[in-house]
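Feature annotations, reproduced from TrEMBL:
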- 162-175: compositional bias 'Basic and acidic residues' (COMPBIAS)
- 1-131: domain 'N-acetyltransferase' (DOMAIN)
- 162-184: region 'Disordered' (REGION)
Amino acid sequence: LPENYQMKYYFYHGLSWPQLSYIAEDENGKIVGYVLAKMEEDPDDVPHGHITSLAVKRSHRRLGLAQKLMDQASRAMIENFNAKYVSLHVRKSNRAALHLYSNTLNFQISEVEPKYYADGEDAYAMKRDLTQMAEELRKQLEVKEKGKHLVLASLENKMDPKANHAGDCCREEKGLGSTAEDSS
């Protein structure tokens, strides 16, 4: 279960980094999960994010929601703040979360923080390198941009009077329609 925070801590996240926290809803619009994330404000380190809290309702676990929430927050960290990695803390006793973070999301344990939690339990500090995700996002954007240019280029060529066709096919594509002269 997630840790309990004062309401002002949620407001701090929502007001400071509104683009980094997400909710998951069921088909009736009820919230069944969330991720609360922020950017770390350490000027001596590379830009990086931190997952403050992740929770998915028991009835909606093992559906991939936690992974989707974490990936969306990580993607937003990259796109908005050029984050290089994301960190989090997890209780040493939370086997399910450790499995998710280590095996599904590729987090690595960076250190053990003794007595991190209020009840005295130790935490694993974990990090996920975001360079591969950033590269994949860059490639997707590149392909999308190339696609736009290819489509524009092909339409421009069809409208070129020097092209090897009459251009009738392009009038419909460009929204020009047919004229009275075309139908005679």
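Placement of Cβ uses the backbone N, Cα and C atoms for every residue, glycine included.
Under DSSP, the residues of the domain 'N-acetyltransferase' (1-131) split into helix, strand and coil as follows: 44 helix, 42 strand, 45 coil.
Averaged across the domain 'N-acetyltransferase' (1-131), pLDDT for the predicted model comes to 94.
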